[in-house]
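Asker: Okay, handing you the structure first.
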Amino acid sequence: MAPHPVTTKTYASRAASHPNSTARRLLETMERKKTNLCVSVDVTKSAEILDIVRQVAPYVCMVKTHIDIVEDFTIDLAHELRRLADELDFVIFEDRKFADIGNTVELQYSSGVHKIASWSHLTNAHVVPGPGIITGLGAAGKPLGNALILLAEMSSAGNLASGEYTEKAVQMAREAGLDWVVGFIAMHRVDKADDPDFLVITPGVGLDVRGDGRGQQYRTPHEVVHDSGCDVIIVGRGIYKNKDAVAAEAKRYQEAGWKAYEERLQRTA
Ligand code: 5BU
């Protein structure tokens with residue numbers, strides 16, 4: 001079977017023709033820093049988040065947050081993350097997984113204590129509510145140059161995002177337009193050969209273990225990027241669980257992810 005056409009292209013060439021400024025920035029950063037690694041910083045204290053971010057920054061194209069787990073959150077944390085994103089050259093992805101009607105998600109995205117739209121370049125949404133969630137989030141995020149990805153699949157065992165559900169998620173993205181919906185959380189290339197240039201961003205990546213005992217399922221960067229054709233690997237605990245090896249682990253995943261990408265280009269050249 002012929003490889004998916006997107007997997008034969010460099011990140012740089014994809015950046016050059018992308019209509020969304022956040023996707024462009026992400027793809028340009030990936031090429032410039034030679035990394036398809038997104039680190040998921042799932043710790044609960046602001047100082048620890050900032051410490052991990054500073055340590056992994058040289059090796060990442062993107063930093064992913066769950067801002068609602070932060071116990072000492074103030075908006076200063078968000079402002080500092082945004083400042084670091086510019087200084088240390090990465091994109092911010094708040095993994096908020098919005099899942100309500102359009103009017104509510106617009107408020108959740110723009111308002112409350114977190115004001116996510118004001119500092120997070122990228123966020124994501126479930127498609128359970130239907131396309132209204134995309135327009136609701138777009139009302140707050142589009143004017144800011146942000147981007148949205150849809151959960152077409154998940155990494156956890158027994159999840160319901162498969163088959164027709166996944167296909168409907170992809171169809172919703174097509175209808176929304178690439179200037180706002182730039183891709184998916186998915187485990188493989190869920191888009192078709194003639195689709196616009198969607199990003200496939202993939203959690204459940206680990207080099208040392210296959211699971212976490214709570215339903216998470218890990219695959220290696222090679223399986224994810226080379227075999228499944230995904231674009232960005234998300235790694236959390238694999239990088240920060242050993243507090244003394246955060247930078248070293250980030251480097252290890254960056255190298256593994258980039259090698260898998262280079263091998264994928266060679267295979268399809
Ligand atoms: P881990 O420590 O590498 O297992 O962290 C994975 C992160 O990705 C964590 O923040 C999850 O909330 C997130 N995630 C996921 O693991 N699987 C999914 O399908 C989605 C998000 Br969507």
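Quick reminder: no glycine exception, Cβ is built from N, Cα and C everywhere.
Small disclaimer: the values here were computed from a predicted structure and weren't measured.
According to TrEMBL, the region 'Disordered' annotation covers 1-20. Residues annotated as domain 'Orotidine 5'-phosphate decarboxylase' in TrEMBL: 36-252. The substrate binding site annotation in TrEMBL covers Asp42, Lys64, Ser155, Gln216, Gly236, Arg237. Under the heading active site, for OMPdecase activity, TrEMBL lists Asp95, Lys97, Asp100.
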Asker: Which secondary structure state does DSSP assign to Arg237 (substrate binding site), in the simple three-class scheme?
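Answerer: Going by the DSSP assignment, Arg237 (substrate binding site) falls within a helical segment, counted as helix.
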Asker: Within 10 Å of Lys64 (substrate binding site) (Cα to Cα), which of the active-site residues Asp95, Lys97, Asp100 do you find?
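Answerer: For Lys64 (substrate binding site), the active-site residues whose Cα atoms are within 10 Å come to Asp95.
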Asker: In Å, rounded, how far does the Cα of Asp95 (active site, for OMPdecase activity) sit from the Cα of Gly236 (substrate binding site)?
Answerer: 12
Asker: Cα distance, Lys97 (active site, for OMPdecase activity) to Ser155 (substrate binding site), nearest Å?
Answerer: 14
Asker: Please list the DSSP helix, strand and coil residue counts for the region 'Disordered' (1-20).
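Answerer: When I sort the residues of the region 'Disordered' (1-20) into the three classes, I find 10 helix, 0 strand, 10 coil.
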Asker: To test your reading of the substrate site: which residues beyond Asp42, Lys64, Ser155, Gln216, Gly236, Arg237, same chain only, put their Cβ within 8 Å of the Cβ centroid of those residues?
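Answerer: Those within range, site residues removed, are Ser40, Pro203, Gly204, Ile234, Val235.
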Asker: Let me know the largest Cα to Cα distance in Å among the substrate-binding residues Asp42, Lys64, Ser155, Gln216, Gly236, Arg237, as an integer.
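Answerer: Comparing all Cα pairs, the maximum is 17 Å.
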Asker: Are there any residues at least 6 positions away along the chain from Asp42 (substrate binding site) with a Cβ closer than 8 Å to its Cβ? List them or say none.
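Answerer: Residues satisfying the criterion: His66, Ile69, Gly236, Arg237.
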